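K.L.:
Mind having a look at this structure? Questions to follow.
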Amino acid sequence: MLATTSSRICRRAALLRSWRRSVSTATSEEWDVVVVGGGPAGLALASALGSSQLVRESLRVALVEASDLSKVLDWTPATGTFSNRASSLTHKSQAFLKDIFAWDHVDEERTCLIQDMQVWDGVSDARIDFSASLLGLGTLGQGMARMTENLNLQRGLLRHLSSIPQVHILDKTKVQTIDHAEASGDWPLVHLDNGRVLRSRLLVGADGLNSPVRSFAKISSYGWAYDTQAIVATMSHPPRGAFMGPNTTAYQRFLPTGPIAFLPLSPMASSLVWSTKPPLAAALVASGPAVLGSMINAAFRLPDVSMRYLNQFILDAHASGSPATAPQIQAEIAWRERSHAIDETSAYASASIEAKIQGIPPTGAELLPPLVTSLQPGTVASFPLRFNHTDSYLGEGTGSRTVLVGDAAHTVHPLAGQGLNLGLADVECLARCIQDALLQGGDVGSRTALLPYAQERYFENHKIMSVMDKLHKLYSTSFEPVVWARSVGLEVVNEFDSVKAALMMEASGKGLGESSVWDLLAKGSESLAAATNAAKIIRTGVSGMLVTAVQGVLKTATSTSSRKH
Amino acid sequence: MHRHLLRRALHTSSSINPAEIAHFSRLSSQWWDEAGEFSFLHKMNPLLEVARDEQPAFNEPASSVLKGLDVLDVGCGGGLLSESLARLGAKTLGVDASEANISIAKLHAAQDPGLAQAGPSSLSYLHTPAEALLANPKRYDVVCSMEVLEHVDNPPEFLDTCSRLVKPGGHLFLSTISRTALAYFLTIFMAEDVLRKVSRGTHTHAKFIRPEELVAFFRKYPNADSPWVHAGRREPTRTQAEVRGLVYNPLGARWILAPRGAWGAAECNYLFWVRKPAAADERGHV
């Protein structure tokens, strides 16, 4: 035993000598933190680190990004036009950005507070009305969340970073390979396309879904592609009519093909996120902005049976090689409206919008988003939806000193707009752990320093992601008992003020108390999901099970709320 | 002197136990495997917390409490604590009786550019028993010895050595395990036998020392006339000595330093701190 020990020591000593030799000729640069990826998460981490005096004094921080970030820094959109990628930033995310002094650089004029949320079931029409003001939440005018273009946020972060010379931004620089050498103590070596090699104490992967850092660290992830494509666009519409208040309500309708969301950006522009089946998404995008605009209006208004008819019409026309035209679709919508006895003055009519965008709004208009008149040019895009979660946020063994944040660690269904918020929460936590380690004299790349980050964020993200996933599955069916359970679920929640308050608090990142509302929602949606699964198999005795499920939701709700009082 | 300490003192003359050294030499390559055998130690860095608690009026940032101080880490192992101390600005010397440990510690520190650039005045290691340092005139502002006391053969001699290496007005920090049934259950039965988190044979229950035994030692040290801690049964004052429990929270996988006087917290792992009176000098030693 002693012999093996001493031979190991000899080997180590030889290693030490060879390492010292290699250092004298080495071309690698020493960095403490190398962040790969200049998206919102990577830039926010660089900003957070740069805003701490302790970090500025003790760590060398670099951010590597393949694209030209000066384009983002010089982004000057025309007034009234908006980028198609926008996120609803929760209060928690905004507070974090304020704490690191980055929010000052975000153009607040281009953001929009969400004061209310209208969410309803496309099949049963059961509806939840989330309103910040009615429930007296927060301070007046604070709203539930703030719609912010991702570019506006990125530009703000870059402006903030330009005042922090200690954080080095290496843009227009691709990461070619990442490896490690035993001689360098297995610290990650980041090889850049300009020949530089960065040896990093801590390597942060903020490099998105197909993260090269994650591949280097051999962190596996699990997940699945939803059979869903999301269409995004910036929609133009007339301002809200008299007596209707400003355009500060977010609308979301759950259709069996997926949810469609209308998110306000300004009085006359809003952001679309429409998740639907991939062939339909392809056909809708190919049919052009006029047809897509009419279909958006219809998708918020027509009963599900008519939407299915229109979807088929679009698909057939696309398959035949001659995509549907705007007049055709408008005629089809008019015909469907007549068959549903929807009067052309009704709030639910959208076949001819010219007459309806002026004058006194019809009854119920506040339950629906404004009528879309056009889509801003070049803003229509679509991308596939995925659920992805890595097995770990920390690399191990030869991939040690590696940590993942944001989309590199998790990709979430966008139906509650939580993706970017989760990423910012990761960044906030990681920056805090790095500072804690510095205060203790710790090595910021060590597992000991990073473990609290993984422990705090992994379960939290997983919980929210599972709720999103279960809601997606729950709302993707038109099977009747499930729809009934769904509508009961939604309506029960709508009647239950404290639950609503709790849901909204969390959606805006401001917990009511110690226990997280996502726990409650997770339990609730889990029992609903379990019951609906069972309902698919056994049609008899279904109601009993559903009642149990709904009771489950209520029980968790009441016990949670009573604990709080 | 407590009978338990005396009994052991009779058996050996040097505080170093050859079997203990061999045991840790075998494990030395694992020092920096943070998920392995020594993961508990990686998370144990309570010094600063105590320093901060003891100096509430400290106006400087918490990270600079140790800046510029001469610090000696006795039984530094792979250098887990020494590296942290050096990063916090302490002029750190780590010593260990195991040559393998010192090799590992040196190798690991050499790979860290932050430590390598700061040079040997910031962090150095020496393969030597602590007793050998007494021959040098150099004394230290802070002497610490984490999780070592329970492995030495002659605790009074070891304590005497450590104490003499402290400058007048300087600090001695010791963390160790108390000789209680709870400690046997957690550190030997659970950690070594059941969970196998720690190699068998790492700890010996009879070698554990109770906090009151340490306090009693310093009530008569270096002599009954001018001890570091006042004699009698009264609790030591906050400026003399302190015992604080270290409680491992397995859910959070981290150590919690219990508040002063927390009931039952020092039943297993604990941190002992004592201050050498400013007037004391070498002549006080017998």
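The backbone N, Cα and C atoms fix where each Cβ goes, and this holds for glycine too.
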K.L.:
Given TrEMBL annotates B:GLY75, B:ASP96 as S-adenosyl-L-methionine-binding, which of B:MET146, B:MET190 belongs to that site as well?
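P.N.:
Within the candidate list, TrEMBL flags B:MET146.
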K.L.:
Using a 10 Å radius around its CB, how many other CB atoms surround B:MET146 (S-adenosyl-L-methionine binding site)?
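P.N.:
Summing over all protein chains shown, B:MET146 (S-adenosyl-L-methionine binding site) has 22 other Cβ atoms within 10 Å.
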K.L.:
Give the distance between the Cα atoms of B:HIS151 (Mg(2+) binding site) and B:GLY75 (S-adenosyl-L-methionine binding site), rounded to the nearest whole Å.
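P.N.:
A Cα-Cα distance of 10 Å.
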K.L.:
Translate the DSSP assignment of B:GLU150 (Mg(2+) binding site) into the three-state scheme.
P.N.:
helix
K.L.:
Please work out which residue of B:ASP96, B:GLU147, B:GLU150 has the most C-beta neighbours within 10 angstroms of its C-beta, and give that one of the binding-site residues.
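P.N.:
Compared across B:ASP96, B:GLU147, B:GLU150, the most Cβ atoms within 10 Å surround B:ASP96.
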K.L.:
Hey, how far is B:GLU150 (Mg(2+) binding site) from B:GLY75 (S-adenosyl-L-methionine binding site), Cα to Cα, in Å?
P.N.:
12
K.L.:
Which ones in the same chain are close to B:GLY75 (S-adenosyl-L-methionine binding site), with CB under 8 Å and 6+ residues apart in sequence?
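P.N.:
Sequence-distant Cβ neighbours: B:VAL95, B:ASP96, B:ALA97, B:ALA130, B:SER145, B:MET146, B:GLU147, B:VAL148, B:HIS151.
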K.L.:
Relative to the mean position of the Cβ atoms of B:GLU147, B:GLU150, B:HIS151, the recorded Mg(2+) site, which additional same-chain residues have Cβ within 8 Å?
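P.N.:
My list of surrounding residues reads B:GLY75, B:VAL148, B:LEU149, B:VAL152, B:THR176, B:ILE177, B:HIS203, B:LYS207.
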